[in-house]
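Taking it in order: structure first as C-alpha cells, then the write-up.
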C-alpha cells in the first residue's frame, strides 16, 4: 500500500482575507504558514510516502520557493510536488490526483485550513484503508440542532443523532476517487467534499471518530484557538534496550532479515534473526517511549506470536507507539542512543540515521544523538554474534 497526502491550499480564504489581509492558509503561526503545519504532521507518519501541495495559480511559483526553503529547513525526507489549483475545490483535487506517481494506491486529502491535525488521526484513517475500505472520513458529533431552511423558513429539523460534522483528512482508494472525479466532470456535479463523489457513485464511505481539536480556521475569531494557554510540565525519562542475533548456519530455518538501523538499510552488514524487520535501534527506541508512558514493552504490544507483525517495517510500529505517547500528553524533547556491535561499522550511516529519527520523532536534529561502540572483542557482540542498542528518551508530560 503506497499512500500520498494532498494538502489543499488553493482556496481564496475570503473571510479572513477581508479582515487580516491574507488568505488563511498563508497565515503565519509559530513562524511558518498554516499549510506547513499540516505538512509537518504528515511528515511524521511512516505510512505517508509523499505530499502534493496545491496553491492558487497566481502564487504557485512563489510558494514553491517557500516550500523548497521549508523542506530544507525541516529536513522533509519525503518526495513533494507543488502544483496550481483550479477554479473549484474539486478542480484542485483533480489536478493533484493527476500528478500522483504510478505506484500510489491510496490518497489522503486534507484542507490546509485544518492545522491541528494529529498523527493519530492520520494513522486511524490509513488503518481503515488498509482494512479494505475505499473511502473513509473522520467526523465529530453535532451538538447544535440542525434545521434545513429555504428563504428564511424552516423546512425540516434533522435528528442530530444521525448527523456528524465531517473533517479532513479524507482517505480513498486512489482508482476509486479518480473515477469519482472523472464522473463529476461528465455529470457536472459540484460537491464540497470528496467523499460526496463516492456516495454519488454508489460506494460506501466509512466514518471514524474525528477530533474536536482538528478545527477549521475560517473566521477571524477562530484565530483565538491558536493562542496557547500556560501549561505545567513534568520531566520524564524512558530507557530502552534491545538485542538481535546474527544469522549462523544453525539458524537458517529462523526468520532472517537484512539489517536496518533507525529505519535506514545497512548494506553488506550481517543479517539478523527477527520476527519483524529486526531494526534493533527502533525497537530500543519504542521501549524507551513506552517507558515514558508506563506502557510496558514492545513484546506486549507487538508479540512475535502474531503473524501480522511478520517482517513488518518497524517504523510502522513506531507510529503506533508515538500515537500512544501523544494520547498520554507526552512531548518528546531528546533522544540519545548507543549502538553496540563489532560489525557493522556505523560511522558512514550515522547522519542518515539521525536525520530519519529526527523526522520520525519531530525533533530538531540537535536533539537526536547516535553513538556507536564495540565491546573490545568481549561478549556476544565482540564475537560478532549479534548487535544491541540502548536508547534514553527525555520527555515532558504536559498538563
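The backbone N, Cα and C atoms fix where each Cβ goes, and this holds for glycine too.
Listed by Swiss-Prot as binding divalent metal cation are 242, 244; the candidate from 275, 283 that the record includes in that site is 283. Here the candidates are the recorded positions 24, 275, 374, and by Cα distance the one nearest residue 283 (divalent metal cation binding site) turns out to be 275. For the region '2-C-methyl-D-erythritol 2,4-cyclodiphosphate synthase' (236-399), the mean pLDDT of the prediction comes to 92.
Comparing the Cα of residue 374 (site 'Transition state stabilizer') with the Cα of every entry in 242, 275, 298, 306, these being the binding-site residues, the smallest distance points to 242. DSSP gives residue 298 (4-CDP-2-C-methyl-D-erythritol 2-phosphate binding site) a helix state. Cβ atoms within 8 Å of the centroid of the Cβ atoms of 242, 244, 283 (the divalent metal cation site) belong to the same-chain residues 243, 274, 278, 279, 280, 281, 282, 284, 387, 388, 389, site residues excluded.
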